[in-house]
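S.K.: In case it's useful when we look at the structure, here is the feature table from TrEMBL:
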- 387: active site, proton donor (ACT_SITE)
- 58-260: domain 'Orn/DAP/Arg decarboxylase 2 N-terminal' (DOMAIN)
- 84: N6-(pyridoxal phosphate)lysine (MOD_RES)
Ligand SMILES: Cc1ncc(COP(=O)(O)O)c(C=O)c1O
């Protein structure tokens, strides 16, 4: 007989079936929005369904913080916002206002960038096996094409239009399907029949969120620059891609969650190992991570000496604190787990508007119940209004500060980076949640708001 208790047969109390809190950091504008007596209600009534809020002023701030790191390190650097992270034209607007380029991967993204006021020369075209149309568009607008394959290089050259390119490099030792191998790089650099193309340097994108591997790979590509220049290529640029982390929740909350997380916290025991979660606490996020990259083995100084500019393609980090997603509660059930009651809410939208749910993961910063009032802690899982069992916005039982009521709002914080619209579809003929843009009104702590007109792909 064993004296180890099977954790699933012990009858626990309310705290045993409830996830530990993961309260997101709050910006001043987020506080102002939540504390406003009726703005959220007014917008919700006007929209009549779920909606996303965008606050472009914070994107401008994030961009300026990255630019400051380049300036402080005296490194020539340029930002290309990875457009896939959010479709809102308000992000493109913030980029245009700050001289920021865009990383685009389709004709639709390319045209949306031009329409938003970005110059063709400030576009970086990434993605595998680009279509002939996208290559031609890139060449005609002098965009920088990150070449992913030798046939792509040949197709671009074959257009006979003066064009600009970087060679995307496969991370050594990786199984990535993106980028050129060492051998292919040599072939590309020594081709003599691609005279229409200015080869301006190299690019890569690494998975994970660590500074050192990015700095090391940039340093190893720096070593390739003299040889590439001697072959006649005007090498000016190394792009280290994206992957700049975001710090969603405080360290203590994150450490407690990852230490204690277990199946009992989840509706239907839908447990996921901590490894499947994004690192929601990130000690050196965004611009600080860029500073760490530049400081690693004096990369900044080496770039300066070599006359190379560093390009970065942040998506998520440029959108840190730039938006949130708001759902109305249209159903409440009480159920029992391990003898303890908990609520299951149904909101007026679906988990397609909270993309992380579709990557065998869960968006972990806690939703905020609005109006914010006190009560008794209520373990609450949150489902969408579709007829799919798996359509859950929060499988875990979130410790809401009170029991939710019909018509209350739930605000998922900090969702602008990838969470809002990557996976949205009009499933069930439900309308896709619109985006609401908030701007400050000078002199008062309130906002002007307007609905953003959705654009169809041209
Ligand atoms: C080539 C490239 N650049 C930039 C990014 C943006 O990454 P993040 O949003 O993590 O900064 C990605 C993401 O997949 C990418 O593939």
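Glycine is treated like the rest: Cβ placed from N, Cα and C.
Any idea what these are sitting next to in the structure?
M.R.: In sequence order, 428 are the residues of the chain that are 6 or more apart from residue 387 (active site, proton donor) and have a CB within less than 8 Å of its CB.
Mean model confidence of the domain 'Orn/DAP/Arg decarboxylase 2 N-terminal' (58-260) amounts to 97 (pLDDT, 0 to 100 scale).
Its Cβ placed at the centre, residue 84 (N6-(pyridoxal phosphate)lysine) has 18 other Cβ atoms within 10 Å.
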